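Peer 1: The following block contains the structure, expressed as structure tokens.
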Amino acid sequence: MILPKRNLNELRNFLFGELSAVFAFLRFQMRVYIFLCLMCWVRSDNKRPCLEFSQLSVKDSFRDLFIPRIETILMMYTRNNLNCAEPLFEQNNSLNVNFNTQKKTVWLIHGYRPVGSIPLWLQNFVRILLNEEDMNVIVVDWSRGATTFIYNRAVKNTRKVAVSLSVHIKNLLKHGASLDNFHFIGVSLGAHISGFVGKIFHGQLGRITGLDPAGPRFSRKPPYSRLDYTDAKFVDVIHSDSNGLGIQEPLGHIDFYPNGGNKQPGCPKSIFSGIQFIKCNHQRAVHLFMASLETNCNFISFPCRSYKDYKTSLCVDCDCFKEKSCPRLGYQAKLFKDVLKERMEGRPLRTTAFLDTSGTYPFCTYYFVLSIIVPDKTMMDGSFSFKLLNQLGMIEEPRLYEKNKPFYKLQEVKILAQFYNDFVNISSIGLTYFQSSNLQCSTCTYKIQSLMLKSLTYPERPPLCRYNIVLKEREEVFLNPNTCTPKNT
């Protein structure tokens, strides 16, 4: 069959149009493909390798005996590069685009590394900091300088590292950064490096936190030879191995001594436990600070002259801190910056604070104070014990810091108590009175005008009270307390 010429032209035009559409679609697909390939090439070309912490070993410690080296590497982390450290400055000395000069900058500085190992806590510390706050974190890697068998050499290198850091800091200031936004966290020798940096900048750094500052070669040295409270606007220190690798004397605006500053619970007590026997107490300061960030533990601490006074309930009130309750160990110590600085004006009055912790991470314990007021002197010589019962029927007995404190000439006694579990929804208080052995009286009764139980760990919780109580010696009484009325709190 022969089609008319008109039909052939229509068919040809139709096929040409269809083929043109197909070729146009193919050209579009090719352009998309080429664009995507170019994007992949640009992305792969721009992606640089992550900075890695120096991986040294005992071989480097031996090498340092003959060829000493020192090098400072700055590893920058932000929420944009949480898992991939980048250099703080580019090769042309421009500032890394991820660094925000308006945000807080934490400088994290490790200590002595005798065999070159990477600090096990380091990466987790960075993660916890960035999870807490949108900030810049700079890890100062000075392993080449800290990895040596000659401890005194590492000590001398601390000043050299500080000078090196001051050069980078001056460069940051030119880019608009502020010293007031800098928070140095130094571990062991790193604490003293932080202090030396602070001295270079005449104490204008915002904050320095010393985590068990190194004691050997620094103990009993003058302020210009170690970390001191004059090195920053606020200096807080945690002492966890003051009789060993740490330092005993107070250095900051406030110095925390968990568990008395040494012999941390949960740490090995025998040299046969290996390296942990040496470093566990020393590193506890690091883990306590991290726990203060990572958990909701309030590490309430008690300003006191000595650990002995603290253990006998002589420092329960935190009188100088009434508006904000007792100071807290760790990241939240900054909340007490103003009142602590006031105490250092004129004649410096250092604040030493004590607390006890549990032996396993996150080391939380919970403090209550039981205040008892008696109307007369019938309780001339005795002591109390108490326990708490919650609405679920659970009972817990605390560690009491008031053992046999006499009531003679006292109308009020305050008993500090520590619990290993937080107690909420308290239904009753089990109270027992013990008279001294030479004055026992099985038929005697003892009156209490009022009793108040208050959480020190969570001071925002309303205190509980009970009034007009009658006790017999060594007979436990369970009291159902109510929320205190305002006039009694």
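Cβ atoms here come from the backbone N, Cα and C positions, even for glycine.
Where the annotation comes from TrEMBL, it is an automatic prediction and has not been curated.
This is the feature table in TrEMBL:
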ACT_SITE  SER188  active site, nucleophile
ACT_SITE  ASP212  active site, charge relay system
ACT_SITE  HIS282  active site, charge relay system
BINDING   ARG226, ASP228, ASP231  Ca(2+) binding site
DOMAIN    67-342  domain 'Lipase'
Peer 1: Around ARG226 (Ca(2+) binding site), how many other C-beta atoms are within 10 angstroms of its C-beta?
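Peer 2: Result for ARG226 (Ca(2+) binding site): 24 other Cβ atoms within 10 Å.
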Peer 1: To see if you understand the setup: which same-chain residues, six or more apart in sequence, place their Cβ under 8 Å from that of ASP212 (active site, charge relay system)?
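Peer 2: Correct list: VAL187, SER188, ALA191, ILE238, HIS239, SER240, ASP241, LEU245, GLY246, ILE247, HIS282, GLN283, ARG284, ALA285, VAL286.
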Peer 1: Across the whole of the domain 'Lipase' (67-342), what does the mean pLDDT come to? Round it, please.
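Peer 2: Within the domain 'Lipase' (67-342), the model's average pLDDT equals 94.
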Peer 1: Counting only residues 6+ apart in the same chain, whose Cβ is under 8 Å from the Cβ of ASP231 (Ca(2+) binding site)?
Peer 2: SER194, GLY195, PHE196, VAL197, GLY198, LYS199, GLY203, LEU205, ILE208
Peer 1: Enumerate same-chain residues with a sequence separation of six or more from ASP228 (Ca(2+) binding site) and a Cβ-Cβ distance below 8 A; give 'none' if the list is empty.
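Peer 2: Non-local contacts for ASP228 (Ca(2+) binding site): GLY195, VAL235, LEU251.
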Peer 1: Among SER188, HIS282, the active-site residues in question, whose Cβ has the most other Cβ atoms within 10 Å in this structure?
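Peer 2: Highest number of other Cβ atoms within 10 Å: SER188.
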Peer 1: Residues other than ARG226, ASP228, ASP231 within 8 Å, Cβ to Cβ centroid, of the Ca(2+) site?
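Peer 2: Checked against the 8 Å cutoff, the neighbours are HIS192, GLY195, GLY198, LYS199, PRO223, TYR224, LEU227, TYR229, THR230, VAL235, LEU251.
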